[in-house]
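Engineer: The structure that follows is given in the form of structure tokens.
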Amino acid sequence: MFRHSVEDHRQIRSAIIMMFLGIATIGRLAMSLTLHMWFPYSQLADDWLLMSYSLPWYEHSTSHYKLAKNQGFSFWIRIIHATGINVDVMYFMLWLCAAALTALAMHRFFRTRWLTIFSYLYVLWNPLAFEFWSGTRVYRNSVFAPFMFILLALLILYLTAFGPWFSQRPTYRFTTAADFSPDGRRRNLLQGIALIIFFAVIGLVFSLVYDLKEDSIWLIPMFVVIIGIKVIESIRMKAPWLTKATTILLCIVPLIVSFAGIQTIKFANYQRFGVYLLNTRTTGEVAGFISRIYQIDSPNQNQKIWTPVDSIDRAFAASPTLRQYPQIQHFVEHNDFAFPNIHERPLTGDYISWQMLAALNATIGMDDERQVQDLFRQANTEIDAAFASGALPRTHKISLTKSLVPRTPEEITGLVAPSIRYYVNALTLTSQYRVSIGENDDVDYNNPKSWIGLQQLNIDLQNPNPQVIPWFSADDARLVARNIVRMYRLVNAAMVLAFAVIFIGAIHDGIRRRALHQWKYLALSLCLFSYAFVYTFFAYWYAQYLENPNTTFFYITGLIMPLLCIGLLIGLGAPKNPHGNLDTGIPPATYRSNRRARIVRGKAMISRTPDRG
């Protein structure tokens, strides 16, 4: 009787939880169907440019911007178009996938029901999904957050696949007779194939995330370190050398697949346009020429003006090859962003990268991208020789990467305070966050851009902003979104406070009891927090010249918020020992079930024992 009542209560509790999660998921779908994704086709160098990369005729493009940006986001648009599913639903499914994988990752780490449920809701209802630019605008920044959640969750699942550090299962177990039976061999083969497929998916996802943005090189250290952990586990495990070698090879499958994926994209660009690059604006020889301009010593270079006119003049003068094409320099200093001349309108930030593409297209032409790369390869060699001989003075400022302007120590320390503000704001969302008010413009059939993009996103041209739910309007959805933001501020504040308490407690336990099992998880959280700040710092190093807080928020928040959120979730679960009782090694769920069984059996035994009094 008692046993059945306990089981009934568990089933009822599980049914209530599933019903609650179902309602929350349906509510989130209603938000996506009401706060529509919107496509600003008039943004020719941003939204429309990435949309054009997804069109069938892209491979025949003659635009000088055809390789100005990475094509990663265009793959996502192609997937949307190929499914025939409306863009609103596809974005909901993307966030749903991110939430489910994050919940699964936390479950594999800690086997704690409340944390699994909380993780699912925490990601699914993330307020960034409802933000004006970072959530509902059909631009690559709108997928940064969900794809980062997916990537981080997959890497956590990768950590828990096998091995002693984070896994529930031992790295190696002794072979038994059952393994040599037909069923055992078949089971082992299927498990191996499943792991290979799963690890290959991780590599493909990393390739896509890497190709979303031009500065994605910052993701490589994290990816390599995670894989390195698994390789070290495999090297240290006690197993036959063949098993160990096979395991190591299996561990590096994500690395191999991601490398192959990125190289495949480069090869596709080589076949189409003649250059083995992801883009020609921030990589390749033209970008190398621009980075050399940054390195020229000039009193006129500052945090806003990265390429003063005297540096540009010196760079062109130092190259006999470029002196044969004076029209390129003239265009750079008198047209487009520098019109009517560069003295009145100096080029700020990295605008010279766009200016150079326009100048090359207007003068020598960019139909042959390979020829342009060869030209600037020779020019860069000449400029390097001028640096080496002292004919071209090199700046003494600190330069950490070729794509960013060098800075003095004082300028670098001046980046810390604003970087901290944007870092904290990724959790508080007290500044620059704007609930979406975006809507698709009515179709202008005289302007193909206005309807080609909508068709690519499976949006009804006759009704691009439908009210799908009669009793739930866009204003209602915005009100819900504002309340969600307020709730997240409180939740995140509570999570930060809880993490601080857990961290202090772990220090106390480590000193008094030498209980170190929490630290591998807390260390992982601290690594994610630090990684997020490092990216924030370098992103602000770039974005400072814009002097636009909304744009800076747009650049930074979607990429660092998942790092912070996952770090907090891991920190909350750290006190729970995922290996169960340290003496027995029994997983906590099994241990609790066995304990219940012992209690039930004990009570039954007492009820059957006669009273000896």
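Each residue, glycine too, has its Cβ placed from N, Cα and C.
So TrEMBL says this about it:
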TRANSMEM  12-39  transmembrane segment
TRANSMEM  89-107  transmembrane segment
TRANSMEM  114-133  transmembrane segment
TRANSMEM  145-167  transmembrane segment
TRANSMEM  188-210  transmembrane segment
TRANSMEM  216-233  transmembrane segment
TRANSMEM  245-262  transmembrane segment
TRANSMEM  487-507  transmembrane segment
TRANSMEM  519-541  transmembrane segment
TRANSMEM  553-572  transmembrane segment
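Could you place these features in context, so I can see how deep they sit and what lies close by?
Structural biologist: Counting same-chain residues at least six beyond the ends of the transmembrane segment (12-39), those with a Cβ under 8 angstroms from any Cβ of the stretch are 47, 51, 87-89, 91-92, 95-96, 113, 117, 120-121, 124-125, 129-130, 136-138, 142, 436, 438-440, 453-454, 457, 459, 464-469, 472-474, 476-478, 480-481.
Using a Cβ-Cβ cut-off under 8 Å and counting only residues 6 or more beyond its ends in the same chain, the transmembrane segment (89-107) has close neighbours at 25, 28-29, 32-33, 37, 79-80, 83, 115-117, 119-124, 126, 129, 142-143, 145-147, 149-150, 152-154, 156-157, 160, 566, 569-570, 573.
Taking Cβ pairs closer than 8 Å, the transmembrane segment (114-133) reaches residues 17, 21, 24-25, 28, 31-32, 35, 91, 95-96, 98-100, 102-107, 139, 141-142, 145-146, 149, 429, 433-438, 477-478, 481, 484-485, 488, 491, 550, 554, 557-558, 561, 565, 569, 572-573, 576 in its own chain, all 6 or more past its ends.
Sequence-distant contacts of the transmembrane segment (245-262), counting only residues of its own chain at least 6 positions beyond either end whose CB sits under 8 Å from a CB of the stretch, comprise 158, 162, 171-172, 192, 195-196, 199-200, 202-204, 206-208, 210-211, 223-224, 227, 230-231, 233-235, 237, 239, 278.
Through the fold, the transmembrane segment (487-507) approaches residues 122, 126-127, 427-430, 518-519, 522, 525, 568, 571-572, 574-575 of its own chain, all at least 6 residues removed from its boundaries and within a Cβ separation under 8 Å.
With a cut-off of 8 Å between Cβ atoms, the residues of this chain six or more beyond the transmembrane segment (553-572) that come close are 102, 106, 109, 115, 118-119, 122-123, 126, 128, 133-134, 141-142, 144-145, 148-149, 152-153, 156, 422-423, 425-427, 431-433, 492, 495-496, 498-499, 502-503, 521-522, 524-529, 531-533, 535-536, 539-540, 542-543.
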